[in-house]
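Working notes, structure below.
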């Protein structure tokens, strides 16, 4: 067939262009899967960052630079994951959505082009068939005319045929010649028309269709190139931010300060215990009582208790003290002195903040009440009273709570080793002067270092006393200079200075630490010792019923910081 080659070209182009559209859809699917990978990766990175974020109970980690560096790394990693989400979002909007829309457009355009091509092809084929019909008719008419002419000539030569038959044959031959002539003219005319249409088909219609298909294909290829470029640009756009995330991780790593972190560890776990002194030799060959070193953390409550402790138990010294298990007491007495002091101070600070909040609310409500009093139309002044009463109750409750913790803080600061400055007091509880001072009992642990060196939870009371010159009766009790040296049963701290002008008394300064060697026998005096070099022992406790000549007695002159009286 004459149209075979053209038909084959249309078939080939149709297959090729369809393969191109399939390739666009295949690439779109590829980008979609890449987007899913990016989003899944971002989600996994975010989950990983969230998984290793510090919990509330691990907030202490923030004080270490290496922990803060890791937390910064987690935050930067979270931002890093966000950039991969940006990749997925941009690829979805800039590539997947665009190619999906374009694939539909190119399918429609391709369909229109091949429809026009098929239509033109069918038209020229129809014209060709019509030309063939005209040609065959002309050929048939020519053959019929030749046969009619031959028949006429035959009859005309036959003498036996009548003139009528010859004339009839002649007319038939002329008619056939006329029909052949008409067919020839018709065939010639249609052939000329067909040649024009064929020329237009090959040189105008089909080339135009092929050019449109070619432009469509080139545009498809161009869009593929743009999509591939966008595929790279989407990644390239986030590289600066990714670089900043990595720079942030590097800076966090460079901010680590090992010396600062080690100092933090020291500060966090500093116990406040004073190193134990030398253990004295115990000579069991002589009838003498065991004397415990005054600088040791192991204190004897009595000679018999010390003997039993030395025989029945081995001594355990810090830092190998074992803490009792169980729930933590409210006064933090399960902690070493320094850590306990920090916890108590933090608790007091929190309570003071709560008190300040309540006071701020009270002041605001008081102003509101004043406004209501001046302008009754704005509100009832009495409506504020219940809330003011509630706030007053809350403040009173918080102040009592603060006093309780301040008492424990004063106790632990009194027991801790003092190198230079006296420990601070954060409440007026121990500074107020009253004629009848109260005895404070916070039911907290006084001495956690028992004679055997263990760390116990034994509660005891804080001893508060006043200084009074000794009487003649009390002075005679300790006149014997050759009296056997008694062991210390605890330590105490002078909260106020006292001039020991009378015989048997001892002068003390504020904040001075003394050793208790004999408890109050009921007369209001406590026997103390300054150091082993001084051979004199004085009374340092004024009876609570005796007022001073200079006015009201101070609330506390001595505070027991170690031991039980």
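Just so it is clear, glycine is given a Cβ too, placed from its N, Cα and C backbone atoms.
The domain 'F-BAR' annotation in TrEMBL covers 1-261.
Residues or ranges marked as region 'Disordered' by TrEMBL: 292-340 (among others).
Helix, strand and coil content of the domain 'REM-1' (334-411), in residues and according to DSSP, is 72 helix, 0 strand, 6 coil. Among the features that TrEMBL reports, domain 'REM-1' is placed at 334-411.
The coiled coil annotation in TrEMBL covers 341-368. If you take every residue in the coiled coil (341-368) and average the pLDDT, you get 91.
Among the features that TrEMBL reports, region 'Disordered' is placed at 416-480 (among others).
According to TrEMBL, the compositional bias 'Low complexity' annotation covers 432-443.
Among the features that TrEMBL reports, compositional bias 'Polar residues' is placed at 457-468.
Taken from TrEMBL, the feature domain 'SH3' covers 487-561.
Sequence-remote contacts of a segment are chain residues at least 6 beyond its ends whose Cβ falls under 8 Å from one of its Cβ atoms, and for the coiled coil (341-368) they are 272, 331-332, 335, 379, 384, 387-388, 391-392, 394-395, 398-399, 401-402, 405-406, 408-409, 412-413, 416, 426.
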